[in-house]
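Below is one structure, written out as C-alpha cells, with a few remarks after it.
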Amino acid sequence: MISQEIRHKMYKEQFNLTSLDTPLQLRLEASWVQFHLGISRHGLYSRSSPVISQLLQDMRRFPTISADYSQDEKALLGACDCTQIVKPSGVHLKLVLRFSDFGKAMFKPMRQQRDEETPADFFYFIDFQRHNAEIAAFHLDRILDFRRVPPTVGRLVNVTKEILEVTKNEILQSVFFVSPASNVCFFAKCPYMCKTEYAVCGNPHLLEGSLSAFLPSLNLAPRLSVPNPWIRSYSLAGKEEWEVNPLYCDTVKQIYPYNSSSRLLNIIDMAIFDFLIGNMDRHHYEMFTKFGDDGFLIHLDNARGFGRHSQDELSILSPLSQCCRIKKKTLLHLQLLARADYRLSDVMRESLLEDQLSPILTEPHLLALDRRLQIILQTVEGCVEAHGEQSVIATDPAEQSAPDSSQANLTS
C-alpha cells in the first residue's frame, strides 16, 4: 500500500504541480453576493438586473482556488443501497469549484458531443448528464421569464491547474491519471461503475463544462425539497398513478398545498419548461421556505434535458393536460414566442451566442423547441374548448404585485 505522502509526491511529479498561495479578500460587491441579495419572491433575479451578466462573466474568467465533490456525492460514497435501480454512478460527475472572489459554482464536465442523441433504449434515469443542457436550460428559463434556473455559463477548465492543483480532497486527487493519449483524466469515486472507462479527459488539460452559480447556504436561506406529484417510477417496470388515471389531477387538487395556493400553477410552469427541454427526471422540486406556499419553484439540475430532439415526450406535459390550468402570464409569453418575429428557436439561438462554448445546441434541438411550443399551445387550446377560457387561464395571485419589485427579498 502506497502511503499518502508518496502518492501525493507522485502526483506532483507526474503533473508538475505547484502550489500558489494567493491572498484572498471577500468583497460584498462581488457579483455572487449581489446575486444572493437580489433573490426575491418573484424569482432568482429581476429582469433588469445587471448583476447576472457580471456573474456569468466572473464565473467564466475568475481563477479557481479549490475543488471538491458535492455534498450529495460525498454522501453516496458512504451509502450505496444496491437494491435500488438508481445507483451512484461514475457516469455522472460533478464538482464544486470555488473562485478567487469566494463564489462557488457546480461544475459538470462534457460527457458527450452535441450531436449525440440519447439512445432509444435508455431509461431516463440512466441517461448521461449533459453540460450543454444546463447552459441551454438557463437561457430558456430566462427567455420564458421564469427566472428560476441559477445563472449558468460554459467554460473551458484546465483540469490540472484548476482542479487537481487546488483540491485538498485526497479521494479526488486519487482518481486523476494520464491516459494512453497523454490526456489528463479523472473519474468519479463511488461504489458502482467507477472505472477509468467512465472518465472525463482534457485535451490534454482543457475540458468543457458548465458552471452553475450556487444558491445561498441552507442556514442563510432554508429550502424545502418536495416530491413532484407527477414523479415517475424509478424502476424497470411499473407505473405511477398519474400515468394510468386521467383524473389524477382531481386528487392532487384536494391535497394541501395544491388546493389553495399557486403551487399547482407553478408545477404546470415547471412541466411546460421540462417538456420544452425534454427532461423526464424532475422527481423533486425545491423552494425557499421564506416565501411560503406561493413561492416559486427552483428549476435545479437540468442536465438530462436536450437528449432527444427527434422525440416529444408528451407524458411530461401531464400536469397541463390533466389539470387544464395555466397562468395567463405564462400563456402570453408562449404565444409571443410562437410568432414569426419572436420565434423561440431564433431567440434561443441568439441568446446562446453569448456563451463562449457556442454553439450550445445543434439546429435540430433548436427547431424542436418550436415544435414543442406548438404542442403546448394546442394542448391549452383543447383545454379551453373543453372547459372554457375562464376555467383554464388563471391569474396567479403571486403575480399581482410588481414582478420586479425588490421588496420581500430573500435576505431582508
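Each residue, glycine too, has its Cβ placed from N, Cα and C.
What TrEMBL says about this protein:
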- 176-393: domain 'FAM20 C-terminal' (DOMAIN)
- Asp281: active site (ACT_SITE)
- Asp301: Mn(2+) binding site (BINDING)
- 391-412: region 'Disordered' (REGION)
- 402-412: compositional bias 'Polar residues' (COMPBIAS)
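Averaged across the domain 'FAM20 C-terminal' (176-393), pLDDT for the predicted model comes to 93. Around Asp281 (active site), taking its Cβ as the centre, 17 other Cβ atoms fall within 10 Å, counting all chains. Asp301 (Mn(2+) binding site): 22 other CB atoms within 10 A of its CB, across all protein chains.
Between the C-alpha atoms of Asp281 (active site) and the residue listed as 'Mn(2+) binding site', the distance comes to 9 Å.
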